[in-house]
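K.L.:
Input: one structure, supplied below.
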Amino acid sequence: MLKERYREAFLAYAGCNLVLAAAAAALCAYVAPAAAGSGIPEVKAYLNGVDAHSILAPSTLFVKIFGSIGGVAAGFVLGKEGPMVHTGACIANLLGQGGSRKYHLTWTWLRYFKNDRDRRDLITCGAAAGVAAAFRAPVGGVLFALEEAASWWRSALLWRTFFTTAVVAVTLRAFIEYCRSGKCGLFGEGGLIMFDLSSTATSYRTPDLIAVIVLGVIGGIFGSLYNFLVDKVLRTYSIINEKGAPFKILLTVTISLLTSCCSYGLPWLAKCTRCPLDLDQCPTIGRSGNFKNFQCPPGHYNDLASLFLNTNDDAIRNLFSSGTDNEFYISTLFVFFAAIYFLGIVTYGIAVPSGLFIPVILAGASYGRLVGTILGPMCALDKGLFALLGAASFLGGTMRMTVSVCVILLELTNDLLMLPLVMLVLLVSKTVADSFNRGVYDQIVTMKGLPYMEAHAEPYMRNLVAGDVVSGPLITFSGVEKVGNIVHALRLTGHNGFPVVDEPPFSDAPELCGLVLRSHLLVLLKGRRFTKDRVLTGPAEVFRRFGAFDFAKAGSGKGVKLQDLDINGEEMEMYVDIHPITNRSPYTVVETMSLAKAAVLFRELGLRHLCVVPKTPGRPPIVGILTRHDFMPEHILGLFPQFKHHM
């Protein structure tokens, strides 16, 4: 560029981007497809109770880290913040199960998290740590976990996430101090406050409040449109991605070329601007800085290149900067907003770890500054503050988060005086956007087919009862069951829980004893403590053979598998007492209970199985089992299509 060899400069720029993009896409396509995208919808689904394969696997963690580095360095319009949430959750999962046997990364000294709740809590802390590290916003991380990630919350989890993010803040501070002398490249610039606006004098009047409400309405409209277009693009990309890994890489390379053409080509449309007189060095020569010379004569800078060809952090810093009313032309802000809006939509969904926060903040800040420039004569607010409010309005319109986004933005900018205006613009934008569609993460969860349970029941569930939707046929075990029957049931079904029914001579009449899990049955069968006669052996025999740790929740890929059992024909005819490993107090509802109430109970208690018992005596002691699948709209509307008009 300095030697005016512009064609060679573009080839070098686009070529570097292409290599980095292809490397990140190859990692995603061949090693861990689950690492593509932001990962927040997957973490949100996991914390809702969806234990999908490979969401938090070590391979996903590896690809998430190095794929994010490649994607950000390739100049894509994406952020590293969403992937950092997923990265934090993956690290927490790895620690919670004591490492990975498959990759020979195990720590016997590390305490195993023996149940679903403990592991969920640890992964919630990991997600909060990801936000705290990405935005240097520890309190924002706690509130993000509360508002967006976790489905179950309690007071103990509050202080655990707070402790985690406090450690993140201390660690970040230590690294920033160490890197202050430039040892770590661009890391640490801005300190813990990335975009400090505290020096701006903030005073506002009634016309300013009207301008803020207008920004909120614009943010709500643009945000809902953004979500609609992201959904359409993701559905289109899924058709391409299903054709295999080479097509994923080809799509990523195509978007990389498009991004390079836009970020290199569009600044040619901008006019050159004379440098401010109070600056010693303009334009900035080097890797980072506010002003880019591009093709301008000495003493001038290209304002559009200063947005496109800077790091994301520097571009946001430029837009948020105060006292720079004439730094950007209206045409520049309009072109940059249109390009970032469009590129952000087409980039999300390619086979690269990609977050939505940075594209949304960039687009929101650009139209916020644009509105501030247009309304300049009427409003006393600084253009940089308009950019901050624009970013808040767009975040509210796309993600529908309020409290956590508000605190994250305040921690990013250190401008507490803006709190009332940020609150107002977030509430207005969320209210406007909610009238069109749902938040972007909720849409992606639905599109990926993850069986996510909402906090509220659908209206048509009030017209149904629990007995209407139980799936059959029901498979039950006796308290002392033949080994062959258990093996046969485990082989033919994928059920993870089975009711245990006691019958004479072990009880006076058939009665529900409890619920036994597949994983516990496999451990029991592997122990081979069988009897030739159908008799009770009692818990003492089981406790002598097994420790409590044997029945703890195994890490991914670590539990006993059905194929691990080597049971011969003689043992198939023997019996085993399953009373000691049965949950004697499972949650039950009567078959006439409202399905809406059962759905709320199922979600609030974080259940996997809910037993449905008969209302009248003289019938079998259990009608069926409700699982997450039975509460899904697809299942219910498949059974009762007449309720589709209630959707």
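Yeah, the Cβs are placed from backbone N, Cα and C, and that goes for glycine too.
Where the annotation comes from TrEMBL, it is an automatic prediction and has not been curated.
It should be emphasised that the depicted structure is a prediction, and the values quoted were computed from it without experimental measurement.
Quick paste of what TrEMBL says about this protein:
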type     : residues : note
DOMAIN   : 582-642  : domain 'CBS'
TRANSMEM : 12-35    : transmembrane segment
TRANSMEM : 55-78    : transmembrane segment
TRANSMEM : 122-145  : transmembrane segment
TRANSMEM : 157-176  : transmembrane segment
TRANSMEM : 209-229  : transmembrane segment
TRANSMEM : 249-270  : transmembrane segment
TRANSMEM : 328-350  : transmembrane segment
TRANSMEM : 356-378  : transmembrane segment
TRANSMEM : 385-410  : transmembrane segment
TRANSMEM : 416-433  : transmembrane segment
K.L.:
Per the definition of 3+ C-beta pairs under 8 A with sequence separation of 6 or more, do the transmembrane segment (122-145) and the transmembrane segment (385-410) touch?
P.N.:
yes
K.L.:
Please indicate, using numbers and ranges, the residues of the same chain that are 6 or more beyond the transmembrane segment (328-350) and have a C-beta under 8 Å from a C-beta there.
P.N.:
25, 36-38, 76-78, 222, 226, 229-230, 233-234, 237-238, 248, 251-252, 255, 258-259, 262-263, 266, 269-271, 273, 303-304, 307-308, 318-319, 356, 359-360, 362-363, 366-367, 369-370, 373-374
K.L.:
Among 209-229, 249-270, 356-378, point out the range having the most Cβ pairs under 8 angstroms from the transmembrane segment (416-433).
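P.N.:
Comparing 209-229, 249-270, 356-378: 209-229 has the most Cβ pairs near the transmembrane segment (416-433).
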K.L.:
Taking helix as H, G and I and strand as E and B in DSSP, count the residues of the domain 'CBS' (582-642) in helix, strand and coil.
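P.N.:
Tallying H, G and I as helix, E and B as strand, the rest coil: 23 helix, 12 strand, 26 coil.
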